[in-house]
Amino acid sequence: MTYTVRKFDAVVVGAGGAGLRAALQLSESGLKTAVLTKVFPTRSHTVAAQGGVAASLGNSEEDNWHWHMYDTIKGGDWMCDQDSVEFMCRNANAAVVELEHYGMPFDRIDNGKIYQRPFGGHMSNFGEKPVRRSCAAADRTGHAMLHALYQRNVKVNTQFFVEWQALDLIRDTDGEVLGVVAMDMETSEVVAFHAKATIFATGGAGRVYYSSTNAFINTGDGLGMAARAGIPLEDMEFWQFHPTGVAGAGVLITEGVRGEGGILRNADGERFMERYAPNAKDLASRDVVSRSMLTEINEGRGAGPYKDYVYLDLTHLDPQVILKRLPSIHEIGIQFAGVDCLKEYLPVVPTAHYQMGGIPTNRYGQVVVPQGNDLSVPVPGFYAAGECACASVHGANRLGTNSLLDLLVFGKSSGEAAVASIRENVKAHKPLPVDVIEKSLARLDRLNTQKGGANVHETRLLMQRTLQKHAGVFRFSNLLKEGVTKILEVAETVAHTEIQDKSKVFNTARIEALELDNLIEVAKATMISAEARKESRGAHMRDDAEDSPEHPNGRNDEEWLKHTLWHREGNRLEYKPVQMKPLSVDSIELKKRTY
Ligand SMILES: Cc1cc2nc3c(=O)[nH]c(=O)nc-3n(C[C@H](O)[C@H](O)[C@H](O)COP(=O)(O)OP(=O)(O)OC[C@H]3O[C@@H](n4cnc5c(N)ncnc54)[C@H](O)[C@@H]3O)c2cc1C
């Protein structure tokens, strides 16, 4: 197989919110920047974000970044690096105002300021009562955000490579990252993108689960590429299940619905969240609400013929509020559940939604790896931002609307760090390691010549079912153990997948097989990290680690207040301390998490 080389100052992989924000920083500073994306930029999964972006603007009532920081750390069950959280929350207002100046059409309140709605876990005065912090453009916030950022990039001549699939990271023997190998999906042509800085913004990997709110393109490509290049993956045991996916379809109903006053009810019509979270009720954080819903279902109070979902009730809300603030939800109810939410209850169930873990980074978006005694040494030339990265602001459970904020803040900081590094350190392109590129070509070649191999679709289903059963909302020690054995077997099969169609033009079979190579790395990291963590924390809730006086909610800070690092080679696990020291304020002290 052959390939050509193209040179850029910087290559960004991914054109969702994080990739576009990072690219803007690079292009605006005059660097020659390529952005690779599997789909047209404005079709990235960010487009589906409904509820809003968090910032303590305080437009409707008093708010400040310190309260936001507290909520984020509590929401994350203290797994968050507090320096990164302070950085994000302090930069939130500027990030949102900047977006407004880019032309983002936020909704407005009467005095002309940006409209803000309450969201789960966002409270005033260190956890007192819900506060309006989520800045929204109806229930199409991500859509509006992507368009604003894309237009801005067009203005500054960012060069887009649309329908290109990055295959592998180019990392030389010194550990430096020099770009990516990528394939043009239209022609199957392979190009080595040679760069002085490479930023991954490849988004989530929700498709590793059977039932997911994520787009089909969310296959963890960045994580797979990083893992194959010897970069460990951090905190992959923590997956968020969104409480309200449409039962059966998985399509998301934003938490903004509960922010506007929607209520969860069991089959008896009872508002059951009052029992589980007397203070925050339906606006407790997502892990708490998801577990409460499943407990209702498991104890026989689920609705429907199989008693396998609960209801989301909006019927008491003013229809004008729904049609103005949540128009897509009204549509989704009709399209995916056959229910008009103005008049009837929506059937909902927790659905895999967001990965808290990812490629380890610091608050500058620099990818960091263990080296000797130092567990966080930056990898030269390599950055990551957005859902694929773990700057460790979401800890063990992310608060709604904090992801869009993460994209803006760390998209920008990673771009800034890359610009500074190129300006100061990297005068010329370092020579490409040809053997690394050939290894990537060999992966393609294997797929083209494999005979008698496994079917991609069936293998993917097996992987998805394994994760759904063995690493779901509730985790059982015996199922976790079995899950590890099973997923390693599935991984063997993935190494021998076969595609029937070998054609070159828009060969979606090949694209899906390559995506499965990445998903399986995410699946292994998840299963193995989850089995090993012998406590309950945030979204990771084990049957053998229950609430006790020494271990509130099953959390064991003496032994497990540490980040997991999963290494692909040998499935080795390593741990690193959680950064409990913020930048300028006192540490948010550990305590039992209640809502
Ligand atoms: C339905 C839904 C609703 C949500 N609502 C909210 C919300 O209201 N508020 C909030 O804060 N968060 C929300 N989230 C979470 C948030 O939207 C995501 O975490 C975030 O948008 C991810 O952005 P990103 O830029 O990291 O990646 P994405 O937007 O997923 O973009 C990934 C990009 O990477 C590209 N890519 C991937 N692999 C490759 C490859 N191999 N080669 C080339 N390109 C590649 C893709 O083409 C795409 O351009 C929601 C998520 C979902 C699924």
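Start at 1 and count along the chain as shown; that gives each residue its number.
In case you wondered, yes, glycine gets a Cβ from its N, Cα and C as well.
Nobody curates TrEMBL annotations by hand; they come from automatic prediction.
Summarising the annotation, TrEMBL assigns active site, proton acceptor to Arg286. There are 25 other CB atoms within 10 A of the CB of Arg286 (active site, proton acceptor), with all protein chains counted.
TrEMBL lists 14-19, 37-52, Asp221, Glu387, 403-404 with the feature FAD binding site. In three-state terms derived from DSSP, Ser403 (FAD binding site) belongs to a helical segment.
In sequence order, Gly206, Ser212, Thr213, Asn214, Trp239, Gln240, Phe241, His242, Gly245, Leu252, Arg286 make up the list of same-chain residues 6 or more apart from His353 (substrate binding site) whose Cβ falls under 8 Å from its Cβ. The substrate binding site annotation in TrEMBL covers His242, Thr254, His353, Arg398.
For 9-404, the entry in TrEMBL reads domain 'FAD-dependent oxidoreductase 2 FAD-binding'.
Under a cutoff of 8 A between CB atoms, and with a sequence separation of 6+ in the same chain, the neighbours of His45 (tele-8alpha-FAD histidine) are Gly16, Gly203, Gly204, Asn214, Ala215, Ile217, Asn218. Taken residue by residue with DSSP, His45 (tele-8alpha-FAD histidine) is part of a helix. The tele-8alpha-FAD histidine annotation in TrEMBL covers His45.
Annotation comment: TrEMBL describes 533-557 as region 'Disordered'. For the region 'Disordered' (533-557), the list of distant contacts is 75-79, 237-241, 286-287, 291, 356, 395-397, 473-477, 480, 564, 590-593: same-chain residues at least six beyond its ends, Cβ to Cβ under 8 Å.
Highlighted here are the recorded positions (Gly14, Ala18, Arg43, His45, Val47) whose C-beta falls below 6 Å from ligand 1: Gly14, Ala18, His45, in sequence order. Residue counts for the region 'Disordered' (533-557) by DSSP state, with H, G and I taken as helix and E and B as strand, are 4 helix, 4 strand, 17 coil.
Distance between Cα atoms for Thr254 (substrate binding site) and Gly51 (FAD binding site): 6 Å, as a whole number. Residue pair Gly51 (FAD binding site) / Arg398 (substrate binding site) shows a Cα separation of 14 Å. Geometry remark: Val39 (FAD binding site) versus Arg398 (substrate binding site), CA distance 26 Å.
In the predicted model, the domain 'FAD-dependent oxidoreductase 2 FAD-binding' (9-404) shows an average pLDDT of 96.
Across the binding-site residues listed here (Gly14, Gly51), the residue whose Cβ sits among the most other Cβ atoms within 10 Å is Gly14.
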